Amino acid sequence: MVVRSLGRTNKRENGIHTGHSLENGVAEGNTKRQKCKEVSGNNSESPAVERRTSARIQKMKSEKALRVREREESSDHIEERVARKKTKVYERRKVNPPEEPKKTKVHERKNVNPPHTVVHDNKGSEGKVLILGSNDSKNSANADGVQDAVTNMVLTEVAESGIGIEKSAHAKVTETLRTFNKLYLHFVQEEEKRCGRPGGDKKKTKSQKISKGSNSKQGKAPADDTKRGSKRPDLKAISKMKETNAILYPDKRIGPIPGIDVGHQFYSRAEMVAIGFHSHWLNGIDYIGKTAGKQYSNYKLPITTAIVMSGHYEDDLDNCDDIVYTGQGGNDLLGNKRQKKDQVMTLGNLGLKNCIDQDVLVRVVRGHQSAHSYVKRVYTYDGLYKVVKYWAEKGVSGFTVYKFSLKRLEGQPLLTTNQVQFSRGRIPNSISEIRGLVCEDISWGQEGIPIPATNLVDDQPIAPTGFTYCKSMQVRKSVKLPSNAPGCGCEGTCVDPKRCACVRLNGSDFPYVHRDGGRLIEPKAVVFECGPNCGCGPECVNRTSQKGMRYRLEVFCTPKKGWGVRSWDFIPSGAPVCEYIGVLMKTDEVDPTSENNYVFDIDCLQTMKGLDGRESRLRDVSIPLPLDKNDDQKSDCVPEFCIDAGSSGNISRFINHSCQPNLFVQCVLSSHHDIKQARIVLFAADNIPPLKELTYDYGYVVDGVLGPDGKIRQMACYCGAEDCRKRLL
């Protein structure tokens, strides 16, 4: 297939500079590199940025560079290039320094043991079957043991959280929300099974209708919901978190909550409960009751800690910094939301009154309609407010209501509720509205959705150049592709995990749920998808990562990190974002002196086995390995294959590193079952709001890379994360 190349001549066409910029990490000689720096406005004040470079390639570079150093130009004149390479295949993998293959201190402190690895001969099939997983994780393999699997997953999260490692409050919030999202997707899958059709919903009962009205300020969960479990997956998720003590802040707090900044968005009331930000999924007023008298002996209880303004009380009045909040009680939950009886001064209403007397600040959250959330609303934290006065009056419907006037505390960030979609910049409605546009579509029409490039950093904006965009993997002639897997015998779409041969390889159940076009429930050692020999069609949920781009992505120039990628659309956790595409080649064909910094080692097998200090994901999978023993032992030492996106690649080559990323890397097997040539797919680790930069962890070990002179290389990290390691190398 012939694809169009971006900028192969030394001239500007349509505003696109064809010389290779420092930011994109591709250069052809010192002259062009210097020209790029001059054109892009990068001077000595702009620090060099290190990108993904395989630890194995770095080591080879170091050894070979020392041998041929006299034939190369002086190291004093060698420019520090932008290195772009993904070095790890899993979200928390740690790569060891090239000198001694031992566990890093971080790994030792986490005290995470890799799973047992057992190899069995399977005489009833061709080749071998590798069974990986701990004894605990094997118990979760039963399709009927959903509760046990969920509990084991929560315990795994606790084990992986890092014993003895003090994390920032923001990191703790992120980890807690990830635990919630995994549990939520587990119960989504359970609900899909119950309904008997993908993502379907049976007719809602009266109690379910009450739970759906979770924006109300009053009421308790119906008895049947609390005792036998609501049909809502989000409520079942927070119930499981309470059972396992996974709520981040289980005790109610007055004032700000660590790790939740003004403008933080919750995609359901249940997320607030998981954090401990607002302790009830239904009540609009959260308060500390009289039963907590010993802990809050200095306060007159009850006292209100947080309120949610969701627009469901007819007497509410919102004037931004000043709001008039209607108290709780007397509202018609199942009908038209109008008052049907008088309110009384008790519970949360009394708590708001006591806030006035004791000068206690209240957290205010505003809810607004949003198609991004599964409850069709998004809740934004708008900061701390002071309750200044209250009064009783006859409401619109003729019943007595209590009104509370609240004023926003000065000195906080600007309100974001009325501009939630624009808190990080305005999302364009069309290409013509894009500021700093330097290329309308870097894929030249190959992708179903155009990928624009913008540059608001350089004085003379340039576009990313020096590579050929390719949508599908290119294969070197020296690479022998594995034969296609036998496939499953399903028709139309795969529905029964016990009958689908592909799904059975995943250990217990479908790795995806149907919701939002397909979402991965949780990171796994490897995901088996249906392939070309399967009877199911392209809409099968077990082909989720093969369905191409689904989000509007943009390549943009950053001040310090070179080119980056962001989405114009909301991306839910577990959704596939893109596949790492380039040229599939053998690792021993990579020239370590070429300084090609887009090489991605396919070291899935090494990571699954927990080799060289890598941290394995504790999941059961059965992998047919078409290898003899010698090949298997050889593959343990070094990955046999890699993906080179230096001269040919897709959008993934521009995604930056972060020490606290919002994407994770997942190995996927679809057309064949050779783990050495697994597909590398990037999935959303969190619910990612529009215009937030997409990142993943490159996995370098500090002081683990040597330069041409044999000295340890050092490179600063500019990811900006609160828990940033400050150094990429």
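Using the three backbone atoms N, Cα and C, a Cβ is placed for every residue, glycine included.
Per TrEMBL, the features are:
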type     : residues : note
COMPBIAS : 60-103   : compositional bias 'Basic and acidic residues'
COMPBIAS : 191-202  : compositional bias 'Basic and acidic residues'
COMPBIAS : 222-235  : compositional bias 'Basic and acidic residues'
DOMAIN   : 255-408  : domain 'YDG'
DOMAIN   : 486-548  : domain 'Pre-SET'
DOMAIN   : 551-699  : domain 'SET'
DOMAIN   : 713-729  : domain 'Post-SET'
REGION   : 1-107    : region 'Disordered'
REGION   : 191-235  : region 'Disordered'
What does DSSP give as the helix, strand and coil breakdown of the domain 'SET' (551-699)? 27 helix, 54 strand, 68 coil
Three-state composition of the domain 'Pre-SET' (486-548), taking helix and strand from DSSP: 13 helix, 8 strand, 42 coil
Segment-level pLDDT (mean, integer) for the domain 'YDG' (255-408): 88
How many helix, strand and coil residues does the domain 'Post-SET' (713-729) contain under DSSP? 0 helix, 2 strand, 15 coil
